[in-house]
Amino acid sequence: MMWGNWTTVNEFVLVSFSALSSELQALLFLLFLVIYLITLMGNVLIILVTTVDSALQSPMYFFLRNLSFLEIGFNLVIVPKMLGTLIMQDTTISFLGCATQMYFFFFFGAAECCLLATMAYDRYVAICDPLRYPVIMGYSACAQLAAASWFSGFPVATVQTTWIFSFPFCGPNRVNHFFCDSPPVIALVCADTSLFELEALTATVLFILFPFLLILGSYVRILSTIFRMPSEEGKHKAFSTCSSHLLVVSLFYSTAILTYFRPRSSTSPENKKVLSLFYTVVTPMLNPIIYSLRNSEVKAALKRVIHRTWAFRN
């Protein structure tokens with residue numbers, strides 16, 4: 001195909017859930033709207049409680065607060081546009097809008113992978129080297145680890161997004177997804193993308209698989225240390241401090257790995273949409289629920305904040 005025959009693409013069409021009936025799309029809109037509101041309120045509540053309560057000023061809750069900020073950003077990038085496509089049938093997204101959405105999706109996704117690995121390291125030090133924990137995980141070290149996790153999103157987001165949208169698009173503009181993810185957008189490119197796909201695989205390994213392996217290694221050491229503890233009470237207390245994080249990691253990585261590390265031929269676009277819903281919509285809602293219901297310190301802090309707020313108003 002000659003350069004002169006290429007069509008300039010000014011906007012994309014998100015296929016989203018257009019194959020479903022209007023009634024089912026309306027039900028999905030209500031479901032996702034409720035999940036969205038719960039996600040925002042839950043994560044904002046976690047941020048407020050871990051900020052104002054003096055008992056939750058440890059490194060674990062500092063990283064949890066950062067995770068809640070990431071989850072809010074992740075949700076804001078994906079869900080509002082998805083709700084618009086469901087209720088108003090506004091399936092178009094501008095070229096710049098698509099690039100912006102993809103950029104922040106990569107940014108928050110890579111940052112969350114690294115932050116989850118940082119949280120696993122925090123639990124590793126707390127359980128495997130408790131005497132040196134206050135020294136190793138001091139305020140300065142925690143701030144640097146959190147900053148490094150956030151910064152890790154910039155290079156992958158900048159390189160991936162800039163490279164994808166520098167390719168020529170030659171007419172077809174229907175993105176078979178509910179947001180501008182890399183695979184369905186790159187499928188519309190009219191050029192050889194093999195070098196980009198190699199770089200994308202490398203970035204995926206570095207920012208998804210490598211942090212996952214670090215988390216896995218940390219928990220192997222953590223479990224080994226817990227099983228060697230002589231006291232059953234000590235075992236239970238140690239495991240309870242990391243069980244919430246382990247559950248969040250399992251939910252996030254199981255769907256992300258199934259989405260990005262399975263062969264294209266083995267997963268249909270519809271299945272990928274369902275898997276993507278879990279780590280972009282469902283998991284951000286479950287995180288504050290998991291940390292509040294499974295953590296006695298957070299539940300106690302919530303009660304104290306509610307009690308102080310009620311006493312102040314009366």
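Indices start at 1 and increase along the chain as displayed.
Heads up, the Cβ atoms here are built off N, Cα and C, so glycines get one too.
For 26-50 (among others), the entry in TrEMBL reads transmembrane segment.
What TrEMBL lists as domain 'G-protein coupled receptors family 1 profile' is 42-291.
The transmembrane segment annotation in TrEMBL covers 62-83 (among others).
Per TrEMBL, transmembrane segment is recorded for 103-121 (among others). Using a Cβ-Cβ cut-off under 8 Å and counting only residues 6 or more beyond its ends in the same chain, the transmembrane segment (103-121) has close neighbours at 60, 63-64, 66-67, 70-71, 73-74, 77-78, 145-146, 148-150, 152-154, 156-158, 160-161, 179-182, 207-208, 211-212, 214-215, 218-219, 245, 248-249, 252-253, 256.
The transmembrane segment annotation in TrEMBL covers 201-223 (among others).
The transmembrane segment feature in TrEMBL is assigned to 244-262 (among others). Tertiary neighbourhood of the transmembrane segment (244-262): same-chain residues 67, 109, 112, 116, 119-120, 123, 204, 208-209, 212, 215, 219, 272, 275-276, 278-279, 282-283, 286-287, 290-291, 294-295, selected by CB-CB distance under 8 Å and a gap of 6+ residues from either end.
Remote same-chain partners of the transmembrane segment (274-293), defined as residues 6 or more beyond its termini with a Cβ less than 8 Å from a stretch Cβ, comprise 32, 35-36, 38-39, 42-43, 45-46, 64, 67-68, 71-72, 74-75, 78-79, 82, 177-179, 181, 244, 247-248, 251-252, 255-256, 258-259, 267, 299, 302. Taken from TrEMBL, the feature transmembrane segment applies to 274-293 (among others).
Long-range contacts of the transmembrane segment (201-223) within its own chain (CB-CB distance under 8 A, at least 6 residues past either end) are made by residues 109-110, 113-114, 116-117, 120-121, 123-124, 127-128, 152, 156, 159-160, 238, 242, 246, 249, 253, 256-257, 260-261.
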